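Peer 1: What follows is a single structure, and I will ask about it in a moment.
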Amino acid sequence: MAFATRHFVRAASSDAATAAAKKLLIKHVTIIGGGLMGAGIAQVAAASGHTVVLVDQSDEILKKSTKGIEESLKRVTKKKFADKPEAGAEFIKNTLKNLTTSTDAASVVHSTDLVIEAIVENLEVKNKLFKTLDKFAPEHTIFASNTSSLQITKMANATTRQDRFGGLHFFNPVPMMKLVEVIKTPMTSQKTFESLVDFSKAVGKSPVSCKDTPGFIVNRLLVPYMMEAVRLFERGDASKEDIDVAMKLGAGYPMGPFELLDYVGLDTSKYIIDGWHSLEPNNPLFAPSPLLNKLVEEKKLGKKTGEGFYKYK
């Protein structure tokens, strides 16, 4: 009898351990930030059948976000349902049915499975948000940041759920770009990591895994490449036009580094490289650029301001 009891206890413990190790099936998603990235993530999540709440500070911002999502969905359906306009209309209707908006993050996270943060690239602001939401979200809820340059570990440490915290770095424009970088910190549990990978696949993306290293994979390679192009130009070794043509025709890139810098925003690129330089001041790949600093100081930030390395009408 004692043996049978011990066997039962062991079996029950084993079942409990198995249940605890099960991945979380993410159904309800809360996205904080209604900008281009947040709205894009909301769109692909809602389009794939998830219940989505998009949160921002004002109804005006959220109305603009929703309108942008509707316009994006129309563009998607023109391609995806070219010969089936009725199916396209149904797709848009069902996607928008899955999406609601709110200006009160704390009130909507109480029943969510996943919180994705897509707000300003400022660690202090992000940490304040996560610390607040940590008090209201259920125990099972996973937190993730869409940051492209900040350390996920520092954000996780602002909460009590370090094991349920990771990075989900989507790329712009989200509905078109297939890649998602899934970032695992030293504290992220395997269960959380696998749940984030599964969610990325469920929204139609191809996930890649990376540790919490500056820039993850893409930006860790891309930003130093763009900065080296700037240094090449600063030294007078080649013109920015010739560098762009060389990388497009010689390396098959869709944009040259200066075109890409202007597209991304020179202020964004400066912010990233300055942050990395503060972490690793002796790394020559992260050295600041006097020319980039000058352009940002002059508010020549690229396409969004009409001038950066190039002028735009």
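Each residue's number is its place along the chain shown, starting with 1.
Any Cβ shown, glycine's included, is placed from N, Cα and C.
Reproduced below are the annotations present in TrEMBL:
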DOMAIN    28-213  domain '3-hydroxyacyl-CoA dehydrogenase NAD binding'
BINDING   Gly33, Gly34, Gly35, Leu36, Met37, Gly38, Asp56, Glu121, Lys126, Ser148, Asn172, Lys304  NAD(+) binding site
BINDING   Ser72, Lys79, Ser148  CoA binding site
SITE      His169  site 'Important for catalytic activity'
DOMAIN    215-312  domain '3-hydroxyacyl-CoA dehydrogenase C-terminal'
Peer 1: Where among the binding-site residues Ser72, Ser148, Asn172 do you find the Cβ with the fewest other Cβ atoms within 10 Å?
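Peer 2: Result for the binding-site residues Ser72, Ser148, Asn172: minimum number of other Cβ atoms within 10 Å at Asn172.
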Peer 1: What's the longest C-alpha separation between any two of Ser72, Lys79, Ser148, the listed CoA-binding residues, in angstrom?
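Peer 2: Across Ser72, Lys79, Ser148, the widest Cα separation comes out at 29 Å.
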Peer 1: Could you round the CA separation between Met37 (NAD(+) binding site) and His169 (site 'Important for catalytic activity') to a whole angstrom and send it over?
Peer 2: 10
Peer 1: Would you kindly give the Cα-Cα distance separating Gly33 (NAD(+) binding site) and Ser72 (CoA binding site), rounded to the nearest Å?
Peer 2: 17
Peer 1: How many Å separate the two farthest-apart Cα atoms among the NAD(+)-binding residues Gly33, Gly34, Gly35, Leu36, Met37, Gly38, Asp56, Glu121, Lys126, Ser148, Asn172, Lys304?
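Peer 2: 24 Å is the greatest Cα spacing among the residues binding NAD(+).
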Peer 1: Going by DSSP assignments with H, G and I as helix and E and B as strand, what are the residue counts for the domain '3-hydroxyacyl-CoA dehydrogenase C-terminal' (215-312)?
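Peer 2: The composition, in the requested order, is 64 helix, 3 strand, 31 coil.
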Peer 1: Need one number: mean pLDDT over the domain '3-hydroxyacyl-CoA dehydrogenase NAD binding' (28-213).
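Peer 2: It averages 96.
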Peer 1: For His169 (site 'Important for catalytic activity'), which residues of its chain lie six or more apart in sequence with Cβ-Cβ distance below 8 Å?
Peer 2: Asn146, Thr147, Ser148, Val180, Glu181, Ile183, Phe216, Val218
Peer 1: With every protein chain in view, what's the tally of Cβ atoms within 10 Å of the Cβ of Gly33 (NAD(+) binding site), excluding that atom itself?
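Peer 2: That number is 24.
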Peer 1: So if I measure Cβ to Cβ from Lys126 (NAD(+) binding site) and keep only same-chain residues at least 6 apart in sequence, which ones fall under 8 Å?
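Peer 2: Correct list: Glu117, Ile119, Val120, Ser145, Thr147, Leu150, Met155, Ala158.
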Peer 1: Out of Gly35, Met37, Asp56, Lys79, which of the binding-site residues is least crowded by other Cβ atoms within 10 Å?
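Peer 2: Output over binding-site residues Gly35, Met37, Asp56, Lys79: least Cβ neighbours within 10 Å is Lys79.
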Peer 1: In Å, rounded, how far does the Cα of Asp56 (NAD(+) binding site) sit from the Cα of Lys79 (CoA binding site)?
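Peer 2: That comes out at 30 Å between the alpha carbons.
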